[in-house]
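Next up is a structure, given as structure tokens.
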Amino acid sequence: MKKKALFFPIAAAVLAMGLAGCGSQATGEKKAGAKSNYPTKAITMVVPFAPGGTTDSAARALAGLANKYLPNEQTVAIVNKDGGAGTIGMNDVVQAKPDGYTIGMATSGPITIKTHSKEVAYKPEDFKPIIQVVATPNVLVVKSDSPIKTYEDWLEYVKKNPNKFTYGTSGAGLTQHITMENLMTKTGVKVKHVPFKGGAPALTALLGGNLEGALVQTPEAIPHIEEGSLRPIWISGTFKPEELKDVPLLTEKGVDVEPDVWTGLMAPSKVPDDVVKVLHDSFQKALEDPAVIEQFKKIGTEPVYKSSEEFQKTIDNDYKENGKVLEAIGLK
Amino acid sequence: MESLDLLLNGFAQALTWQNLLFCIIGVSVGMFVGVMPGLGPVAGTAILIPLTYGMEPTSAIIMLSGIYYGAMYGGTITSVLINIPGEAASVITCIDGHQLARQGRAGVALGVSAIGSFVGGITALLGLAFIGPPLADFALRFGPPEFFSLMLLGLMMLIGLMGKSLIKGFIAAIFGLLLSFVGIDPVSGSTRFTFGLPEFFGGIDFVIVAMGLFGISEILYNADQKHRAEKPAKVKGMFPRKEEWAPTMKSIGRGTGLGFLIGLVPGANAVLSALASYALEKKVSKNPDSFGKGAIEGVAGPETANNATSGSSLIPLFTLGLPSSPTVAVILGAFIMHGLQPGPKLFRENADFAWAVIASMFIGNVILLLMNLPLANLWAKVAQVPYKILLPLIMMFTMVGAYTVKNSVFDIGLMMVFGVIGYFMKKLELPIAATVLTLVLGSQLESSLLQSLAISNGGAGIFFTRPISVTLLILTAVILVGTILAGMKNKKELFGTDIEI
């Protein structure tokens, strides 16, 4: 009886280890396609987030039309690898065979923020950027009954009341948090961070009068701004969305803080340049397809194209800037 | 009575053959993902969203919301039959539901759940249709301090699950709280207790823990004592005995009210309402000793409450555009993708659509009741399948389920580890439900505490100066003191209830 009692837990543990072993072999592709004729089979696009989110929806919109523009009409298959704030999926991309048949839909977080953490096994230079497809700025909003109406009002208020202005974000250590920390070092103001899980709960707390402001991605705030319940104060990013044309960018106010939350395609760094060029050209055409623009619009975003070279520059710059901020706030 | 006209108009739209078909597809898929361990409503809705691109917005939302409330029905089935919660809100149902199944009364447990779910779901919809907007405004007043106090009250209710020994109960509860620490620190953003594994960045997934602790451990435990003579009793119909009707209906009534109110609170989920309802039922019951041994009220109350919550949590979505749970957030995404912006504008600019969806939910609930009552007996037969056939099948389904959560083999291994832990917890009689529930509530408790303190600049006064928060805290204190006093008076009464899960 005693022996029986032990057998099953052990059997389960052995089974678990066996399964874990299988997983690590499964990612490699068997044969590399002839480069001149690339691609000769379907391309796998790893989305490092759960299905249904903005990144996933954008990836699916692109993948759905990519076969129209890829040579040999090859298709693109989406694989969702959620977990580790996007780092699990991107790690799969780094470890895939560099033949151009495994690419990843990367976002700024797992490439330029999480890579400063010791636990993440890859660095930004382990990737070759293909194309940036989406970029979203962040906007600081207050309740519409707040006395703060302009950037100047806000700056005056936070200078007079250090450590009083509370702002919600979608989570600690994410772009919005780092943006505000960067702004604090550059302007000398002091505000209080209140992290939530996602932009929507932060906005809920703001609407309920529990916070003074919130720094969220523009698509999350625009419906409430249009409804009249929230007021935009400033935008941090490289551009302004159509709906927020009158709101100032931080760079327009002389503050050098401009990271967008970007999304783009990346390949392992050893993928040959001519393969990257084929991918870039095909996805650039897909990105200009009216059907993709329409789909993007539905998920509250728009195509923001950058070439492989420009994209690389953005990544380098963000990685460096984020590193400085993370070091300053003791997260590195 | 303007709302009534609009609602009838909505019914006219929802009853077109096309929308009716999508409603049936939605609730059936919902039932299915609810039954499959690991596949929850979040994944179910998310996976189907791309299929709805080409559909009419009304049909699309009717189908997607069908998945959402359909899953609440489905989650009950596995809890009762094989003691594995199909989704988080059904953890509580395992306690008494599975006991009923062992007594050959699985049909009764499922029948009562179906009726309770129906009553809870319909009442929440009536609330959404007629008194939604003012309630939603009130719910906005629940900020981080109120939420913290509510969570504290929720933890207090865990005492009702503690079983024989309070100490063992606390060990199990604290184990769950410790598990909830793993991941990224909510305030600083640094990682903690991840053992250098990026797989732990996002925390330990509740589904994996629940399937391991409940499911795998159950298989190990049963295999261990293989020649148990106990033959499952014959299925004895699906309705309670005559004398059980009155208490059952009362439980359903209480569960509806409680679940409805909790659903309005942004961020509160169906788990909390099922837990609160179970605690309440045990408190008001004339026979609290029967809880954990197959009390019908212990199934009827929580099952009603979780459906009422999933219905009423749509109120903040429809009226304010604020999602109150991850599944509702996915539905919000679907709204936006189809060019509809939930919020005050929805009823003004897309009134036809809003009312058609609400009407379809009434229809969907009726369909689910009709599907579930006859099926209850059929499902109950599953409990009669011999263990040597049933257990390997369950093993297979849970492993597939664990993989589908994140397409990760790591999670299967993790689930196995929790299966072994669960096996020893069962041997040591540690209440597993307490671990699983504190894992769910723990991270919310922590973030709301830290959010409140950030807002108050570190002062604890924020919890005592806000009326809703202080009321909840007083309630928590009253329950605590009451329990201690009752315990001193009659030690047996407090700890005498044996919960075997």
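Cβ coordinates are placed from backbone N, Cα and C, and glycine is handled just like the others.
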Labelled transmembrane segment by TrEMBL, one stretch among B:200-221, B:310-331. Can you tell me which?
B:200-221
Per-residue pLDDT averaged over the domain 'DUF112' (B:20-437) comes to what?
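It averages 81.
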Going through B:60-85, B:106-132, B:258-280 one by one, which has the most CB pairs that fall under 8 Å from the transmembrane segment (B:385-403)?
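Most Cβ pairs under 8 Å with the transmembrane segment (B:385-403) come from B:60-85.
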Compare B:20-40, B:258-280, B:467-486 by their Cβ pairs under 8 Å to the transmembrane segment (B:200-221) and return the stretch that comes out on top.
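By the under-8 Å Cβ criterion, the transmembrane segment (B:200-221) pairs most with B:20-40.
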For the transmembrane segment (B:353-373), could you work out the same-chain residues 6 or more beyond its ends whose Cβ comes under 8 Å from its Cβ atoms?
6-7, 9-11, 13-15, 19-20, 23-24, 26-28, 31, 57-58, 61-62, 65-66, 69-70, 73, 110-111, 113-115, 117-118, 121-122, 125, 128-129, 238, 311, 318, 340, 346-347
